[in-house]
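Visitor: Right, I'll just put the structure down here and ask away after.
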Amino acid sequence: MRDRFEDLTLAGPGLLLIALAFLLPLFEMFRLSIVGPGGGFTAEHFVRFLTDPYYLGVVWRTISLSLLITAICAIVGFPLAYVMSRVGPRLRLWLIVLIILPLMTSVVVRTFGWMVLLGRGGLVPFTLWKMGFVGRNFTLMHTEAAIVIGMVQVLLPFTTLSILGVVMKIDRRLEEASRTMGASFLATLRTVVLPLAMPGIVAGSLLAFTLSVSSFITPSLLGGVRLPVVAGSIYDAATKTLEWNFAAAQSVILLVGVLVVLVPYMKLSGRRNG
Amino acid sequence: MVKNIPAGLRIFTWAFVALVLIFVLAPLIVVAGVSVSESQFIAFPPTGFSLRWFAAIFESDSYVRALLTSLKLAVLVTVGATVVGAGAAIAIHRGRLPGMGLLAGLFLSPLILPSIIFAIGLLMLWSATVGPVSFWALWIGHMVIALPYVIRTTLAVLSESDPFLEEAARTMGAARWQRIVYVVLPQCAPGLAAGAFFAFNISFDEAVVALFLRTPDLVTLPIQIYNQLEFSPDPVVAAVSTLMMGMTVLLIAIIDRFLGIQRFVGT
């Protein structure tokens, strides 16, 4: 009993913090989402969001862009993680550092970099123009392409590291066996490594998708006001139009959507660790 | 090098890796380039070389105030998250409390649950119970986000520690607090140190919670940058951003010394 009391004392401050500053805010969000203007229960905030074609368009944009971003991250992340896992330890350390550096840099700073690169006269449109791919100097800012480029850069390190953790644990003798049996390198990659790396790819993709649907700093700065996403709509309702109940309802919808994706993620990553 | 990749494919492999690295590093390089440009317009590639935009940061009241707010916040979050995280990690590692597996998941959930959802809840709860948001609301918000990192790095170190050391201390007659202070905490030290630097980095760079909880007097450096980007970017923003990146590089180097960056990645 005294052991338990000791551990409870140790974990106590943390439990208090999580309960008061994490669970209670989530509870408050639920409460506000179903409270009407005059008090009492109402579903009007949910109905308003789910029946307005404008907001349904916002949801559709968020989901379709996130699917595209997630797919690109997985397709680029898998070969990158494979190469990282099969190089020498020194080079791997350097590659990991180069991947972690952007991951740990503020999202605002990275988005700023893309604003410079994609804006009118920026390096990317300018190069495309000079190389003759486009007829005139133009801007990529405030396009869906800009959101995708910016978000892939933000999420690719996540996906890559998540896949790397799994690929590193694949027994290399399986690859050697496949090669000895006459399979080519690409065939081995496809039939041996890829299936074994799948848990990492799926876990990384699920995480990338949840982060993508809920991000708003990069989409709002690169996409502008004409291309709102769900998280941006929540932010506007909470801080610009001050419709807190409506913002709370949208947050609940986002949370439910995220949890639907996160539950399989936790099963996958839990099995990997346990 | 990568021996199992056929010679014909190797060149494509390296071209692919180089392109991806350029892609993920491009925004960082561009921001650093703009910050040292002489031109008073945002220009990349930079024209000339000048450090005057860095000097301009310290001549601007709003940047200096944001910098001081961010530093104060990050230091207090680091101290708080490290102390609270150490206790939680030790309790999770011992696993003697009922339902500790579930609690461990709860502690780590801010890592995967998008911060916008929790940020808006915190804003609403704080306004409903305490009043207008303040520095301490932001501190608590950042603590929740930083805590899982401290717990994770500490657990990684504890999982490799020798469980019999504490048993030996007990047999030798050490009291409970002595076992924690002299036996368990020293074993946690590298993980706690790495976690502390993570906490600092996260608090210093975090933008979502800080954006929801901002007031005219409560602006952190990332939010000051965000405001400037919405309004009109100038080379001073690039200089501040470069300063923040420099801080990140330094922190990664320190974390690597204490824990090894590869171990954090989990490979």
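Counting begins at 1 with the first residue displayed.
A Cβ is built for glycine as well, from the same backbone N, Cα and C atoms used for every other residue.
Nobody curates TrEMBL annotations by hand; they come from automatic prediction.
Marked as domain 'ABC transmembrane type-1' by TrEMBL: B:67-255. Residues or ranges marked as transmembrane segment in TrEMBL: B:12-36, B:73-92, B:104-127, B:133-151, B:180-204, B:236-255.
Describe each of these features in terms of where it is and what it packs against.
Guide: Non-local neighbours of the transmembrane segment (B:12-36) in the same chain are 2, 5, 42-46, 49-51, 53-54, 235, 238-239, 241-242, 245; each lies 6+ residues outside the stretch with a CB under 8 Å from one of its CB atoms.
For the transmembrane segment (B:133-151), same-chain residues at least 6 beyond its ends with a Cβ under 8 Å from one of its own Cβ atoms are 69, 72-73, 76-78, 80-82, 84-86, 88-89, 92, 104, 107-111, 115, 118-119, 122-123, 126-127, 192, 195-196, 198-199, 202-203, 206, 209-210, 213, 215, 218, 220.
Remote same-chain residues near the transmembrane segment (B:236-255) are listed as 28, 31-32, 34-37, 42, 53-54, 56-57, 60, 63, 67, 194, 197-198, 200-201, 204-205, 221-222, 224-225, 228-229, 261, 264 (criterion: CB distance under 8 Å, separation of at least six residues from the stretch ends).
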